[in-house]
């Protein structure tokens, strides 16, 4: 960029406002080179634009078409598969209806304040996670890079789950469903049921053998599962096509992907409530076990679920909010999306346990019928006297109450001999207490229940289409958490980056569609996200509250929203949330240390799962996943703290100028790591878009500079700062 050696330096009074015309009038008219170098200024008052260095045409930052589209995007990102198969499991495991109380408390203490914080910084600074945390504190700019790495790790295996759902969806257009009955095996002499299926169940066999064709350990690769490879490719093609134009394409898809799951959940709930036994499931679900609620483990798991349910730390929340207008009421958005997420979890829990109650009733009826036949045999053989059986009981059509009566009588009479009879009590609560989560709930328990539904193929199609949509909504936010920061920082074309990202993720994701791939998904889920994301969010909270300054941030929010947020958030961000997050981090580390690192392997001969420890190389991979996810934070800090890289063309903490200049006065930002402008000289800095005027503000102002028309300029130069430190990066 040409420099003008004849610029007249002048002192500015406090609160001086100069128009672009005034600034340019100071230029030496004799220099043709500088005449051609003009400051490009946005003269629109309604749209914020990004300008690329070296570009003659303004590149407008995309914006949401309307508020509904944005809310649906945030809801689609936060409401995911965890709401359907993780929350109901935790609710059942940790006290039933009583679990809702600690979850709701932690939603108010951790969830909403931190969700509001991420929405605020994204909307205020209008950049992805890298740009946002570079602005807050360049030395903590690694937070944004760590978010991108974690997003990439999660995207690798999360899309495999969408691939599984696509496979089951494609297989659901059959009557009967292919997992309805165990397959028959023929040999030279006779036909018999597949032994592996007979030892387990039809749905379990179909999941492990037909869908995954799983190996017996993660050390046994077994080669690619081609059915799942094709499904994974289809899943990445869908994501790529939806994201290739950014929010302009994904935003429209949100209308379907975010709303359709609610239609399916409501339809499932209505249908399930009409089924026999559904009320038993819901009653079991919401029977509070208050003694369990007091255990510390319950609060730790509730905090972890709140943390992941809202997608904190991924960068997707920041990326989506960065496309908002700066005067958008993001506080309302934070509360609305958080409560939608909570009520979605409750709705999904009702559906899950209504269906599981029906399934438990079906299984219980079979149990009673089988054991009644056994009792009748004992009566005929004389092992049990007919005299002890009440006269009104008919074993050909025995009810659950009558069976339990007979069972109790036989147990009392045959006290010593009773174990040898091998009779089951057949209580429906025993079946409901068999907690299932994750893939076991969706691909085994739910599929088994749907085989008993009238018109089961229809319900199967609806269910797996719902899973695909839930997964895609979260995937869009996850990929946006990668693409937006990289595009904003490195100014690459979004279309090219999206294709490269999806292609690379598909190639790496092939390790998850091996026959042993399910074990790698467990590894990535346990080690690549939990601790790194906790550390990322703790650093986010610290960066805003203690480095940028909570008072300064509250003033920024007041300027941006037009009203001061409740003082509640001040105390949450500064005191309670960091304390709770640190406690959660310590508890997670302790729990990880006490839990033996390993995975549940499917053993074909036993037709059951068996816990296996990770091999040595597996432990190394687990450690590498955690280290690689959090490594950008110390690396960027060391680089910028020690000035190891001298980037004279600009840095990642800056926004962008076009050709031209604003001021030649050097600027001293020493001690102000919160400033966005962090370079050597003004000619080497990048610039945000300005409104009609460029504003200078008094040095030491605690807030961002604000134009009279309500527009915010990030990092306007302060004229009374004498020196400019070396660029951090």
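Note: Cβ is positioned from N, Cα and C throughout, glycine not excepted.
Where the annotation comes from TrEMBL, it is an automatic prediction and has not been curated.
Residues annotated as Na(+) binding site in TrEMBL: 76, 79, 83, 341, 470, 474. The transmembrane segment feature in TrEMBL is assigned to 70-88, 100-121, 142-169, 226-247, 259-282, 302-323, 335-356, 458-483, 495-513, 533-550, 571-594, 614-639.
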Key: Beyond the flanks of the transmembrane segment (70-88) by 6 or more, those residues with Cβ under 8 Å of it   = 64, 161, 247, 250-251, 254-255, 257-259, 261, 285, 305, 308-311, 316-317, 320-321, 323-324, 333, 336-338, 340-341, 344-345, 348-349, 352-353, 437-439, 441-442, 467, 470-474, 476-478, 480
Query = Do the transmembrane segment (302-323) and the transmembrane segment (458-483) come close, with at least three CB pairs under 8 A (pairs 6 or more apart in sequence)?
reply = yes
Same-chain residues at least 6 beyond the ends of the transmembrane segment (495-513) whose Cβ lies under 8 Å from its Cβ atoms = 152, 155-157, 159-160, 163, 224-225, 228-229, 232-233, 236-237, 239-240, 243-245, 479, 482-483, 486-487, 520-521
Ask   = Inside 8 A of the center formed by the CB atoms of 76, 79, 83, 341, 470, 474, which other residues of the chain have their CB, for the recorded Na(+) site?
value = 75, 77, 78, 80, 81, 82, 258, 261, 344, 473
Remark   = Counting only residues at least 6 beyond its ends, the same-chain positions whose CB falls under 8 A of a CB in the transmembrane segment (259-282) are 72, 79, 344, 347-348, 350-351, 353-362, 364, 428, 432, 453, 459, 462-463, 465-466, 469-470, 473
Ask   = Hey, which bits of the same chain come close to the transmembrane segment (533-550), Cβ under 8 Å, at least six residues off its ends?
value = 114, 117-118, 121, 133, 136-137, 140, 143, 146-147, 150, 307-308, 312-314, 570, 573-574, 577-578, 581-582, 584-585, 588, 630, 633, 673-674, 702
Query = For the transmembrane segment (458-483), which recorded stretch in the set 100-121, 226-247, 335-356, 571-594, 614-639 gives the largest number of Cβ pairs separated by under 8 Å?
reply = 226-247
Key: Closest-packing stretch to the transmembrane segment (571-594), where packing means Cβ pairs under 8 Å, from 100-121, 142-169, 226-247, 335-356, 614-639   = 100-121
Query = Which sequence positions outside the transmembrane segment (335-356), separated from its termini by at least 6 residues, show Cβ-Cβ distances below 8 Å to it?
reply = 71, 74-75, 78-79, 83-85, 87-88, 91-92, 100, 103-104, 107, 111-112, 115-116, 262, 265-266, 268-269, 272-273, 275, 278-279, 281-282, 284-285, 309-310, 432, 441, 445-446, 449
Note = Same-chain residues at least 6 beyond the ends of the transmembrane segment (100-121) with a Cβ under 8 Å from one of its Cβ atoms are 91, 132, 136, 293, 298-299, 302-303, 305-307, 309-310, 312, 317-318, 321, 330-331, 333-335, 337-338, 342, 346, 537, 540-541, 544, 553, 556-557, 560, 565, 569, 572-573, 576-577, 580-581, 584
Most Cβ neighbours inside 10 Å, all chains, among the binding-site residues 79, 470 = 470
Query = Highest CB neighbour count within 10 A among the binding-site residues 83, 341, 474?
reply = 474
